[in-house]
Structure formats: C-alpha cells, structure tokens
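Note sheet for the following structure.
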Amino acid sequence: QKPILLQGHERSITQIKYNREGDLLFTVAKDPIVNVWYSVNGERLGPYNGHTGAVWCVDADWDTRHVLTGSADNSCRLWDCETGKQLALVKTSSAVRTCGFDFGGNIIMFSTDKQMGYQCFVSFFDLRDPSQIENNEPYMKIPCSDSKITSAVWGPLGEFIIAGHESGELNQFSAKVREQLSNIKEHTKQINDIQTSRDMTMFITASKDNTAKLFDCTTLQHLKTFRTERPVNSAALSPIFDHVVLGGGQEAMDVTTTSTRIGKFEARFFHLAFEEEFGRVKGHFGPINSVAFHPDGKSYSSGGEDGYVRIHYFDPQYFEFEFEA
C-alpha cells in the first residue's frame, strides 16, 4: 500500500508525535519549523513559527489544546494548538533535548543538554502558576551531573518521569520531590528514544547498542530485548497488537559511504512476546530517526534523515494475520 509522503521540512526529522485521538501528527526537524498535519490524508494544517534553531522534541497535551516544543535555540515554547500562537517562552542556558506534558496537561517537564559549561537539568513547571513561566523559575529543577539525558517520558499518573541517558542508564525522577527514585543500566550505549505503551504500564527504549528493550514502567524491570545489527534510533509499541516497530540505520555521518540497499533503512517489526522479526518496510533514503504508531493501531508513521515523514496504513491482511496467530 502506497504511503502518504509528508514534505514539510528542509532538514532531517528529529521527532514525530500523534496527539491522543490520532487525528493530528506533529513533526519537528533540524530546521526551526514545527509542523502539524492531518494524519488521515497528510494535509498540512500549518507551522508553529518562532524557533530559530533545530527543534529536538514535541509533545501535545491530553486534549490537544497546547503543544510543547524544545529547541537548540535554548528555549522551550508553549503553543496554542488551534491558532499556532505562542503562549509561553522559557529561556534556558543550553539546548532543550526532551519535553513533555504530564497526564493532566498542567505540568510540563523538559531537560537541557550538558554543553558550554552548563550541566544537564530536568525542569518542572506548573502551568497553573503563570509566575513560574514569567520569572523563569521552575517549581523543581533536578541536576544530572553524570551523563546528559537524551530521552525522557512521563510515567503513569504523572508521579515521575523516566529518563534515558547518554551512558545507557535509565532513571526515574520524582515529579513531587527532588529525588531520583531508581536507576538501572541495561544498555551499553546511548538511549535514543523512549516510548510508553498505550496503558502506560510498559515502555520501550531504543539504543545505539543495536537493541531495543522493553521495561516495566513502575519497577524498571527488564522484560524483553529486540536485537538488530544497526543502531536503533526509535521504537514504538502497537496499541492493539503485541507488535513493536523499530527505526534506525547507521550513524548519519556514515550514510554517504553505503548504498541504500545495505544501509538497513527499513522500519522493522518484531513480535513483543517472541522477540522475533516478522516484517520490514522500506522507503526512506537514510536512517529512520523517529517512529510512532497511530493510537488506533491501524497505521504508523516514520520520520527520516532524508527529511520526509511517511504515513503507512496497514493492509487488511495484517489484522487477519494477528487474529489467526
């Protein structure tokens, strides 16, 4: 089935994100543009204009009223989803690498990079208190002195965040008190992406050590491992089936030295329980940087180093195969 091709960025895609209903798809890239699209037909609604550097992360709240973006221009910005108007701007000392709304959409968190003499911090702002944004004073700021955070998501009920580090470590940071709840190291290299399951009981990590791993959200217990022969940049869990999709390929700087045939730029599908690969989808002319399942599980999207986002709808046989299995 022919994918829908979204062309709205001049540089490589950094993250793609569906809203909760799945009718909208947000895309950000290493250009300053933040785009929003109708996921059903790939029509672009428009951009959120304001950033002046690469945009690393994007998130929409529970009822899709607000959009949050973090950028290399040392800022985290809050937007009105419908009008594209910038509602708030939080200036930081270094690039904002990860960002996200909690379950209720009232609290935002973002992490900054360890660069130019500044260490990595996770900051928490309560949007119900406008003075926090105005004074640039988060209600809580947790330093991460060891290795910088490369990916982070909220845990269930907004009690804590789960953060993946450059060193391969995973941490839980409390959103209520300034403390680290738990810490494990299952990966040997940088964690590139973390995504939770639909019910937020599990999450999957994608790492440069050529694996994606499944963990329990609350206990951080390691459950499954999905192995490939290339770095994994992104991984997502299907909301309706026991399926996992991985996106990756080799490092961006090595891309020109290999042909697309052996570059392993396919999206790869694994069975969640059996850890076996059962399908691949080709298409991108470079590594896949971000993958996401539609919340109804009937399609998925991938964003690549080539600057394109591709929306793939599954064939009816895909659903028959699963129910027979």
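Cβ atoms are placed via backbone N, Cα and C, with glycine included.
Feature annotations, reproduced from TrEMBL:
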| type | residues | note |
| --- | --- | --- |
| REPEAT | 6-37 | repeat 'WD' |
| REPEAT | 48-89 | repeat 'WD' |
| REPEAT | 184-225 | repeat 'WD' |
| REPEAT | 281-311 | repeat 'WD' |
Please report, as numbers and ranges, the same-chain residues at least 6 past the borders of the repeat 'WD' (281-311) whose CB is under 8 Å from any CB of it.
3-18, 20-22, 25, 27, 29, 37, 39, 42, 193, 195, 198, 231, 233-241, 245-252, 255, 260, 263, 265-267, 269
Chain residues outside the repeat 'WD' (48-89) and at least six past its termini with a C-beta under 8 angstroms from it:
11, 14-15, 17, 19-21, 24, 26-36, 95-101, 103-105, 108, 110, 127, 133
DSSP-derived helix, strand and coil totals, residue by residue, for the repeat 'WD' (6-37):
0 helix, 17 strand, 15 coil
Taking DSSP states H, G and I as helix and E and B as strand, how many residues of the repeat 'WD' (184-225) are helix, strand and coil?
0 helix, 24 strand, 18 coil
DSSP-derived helix, strand and coil totals, residue by residue, for the repeat 'WD' (281-311):
0 helix, 16 strand, 15 coil
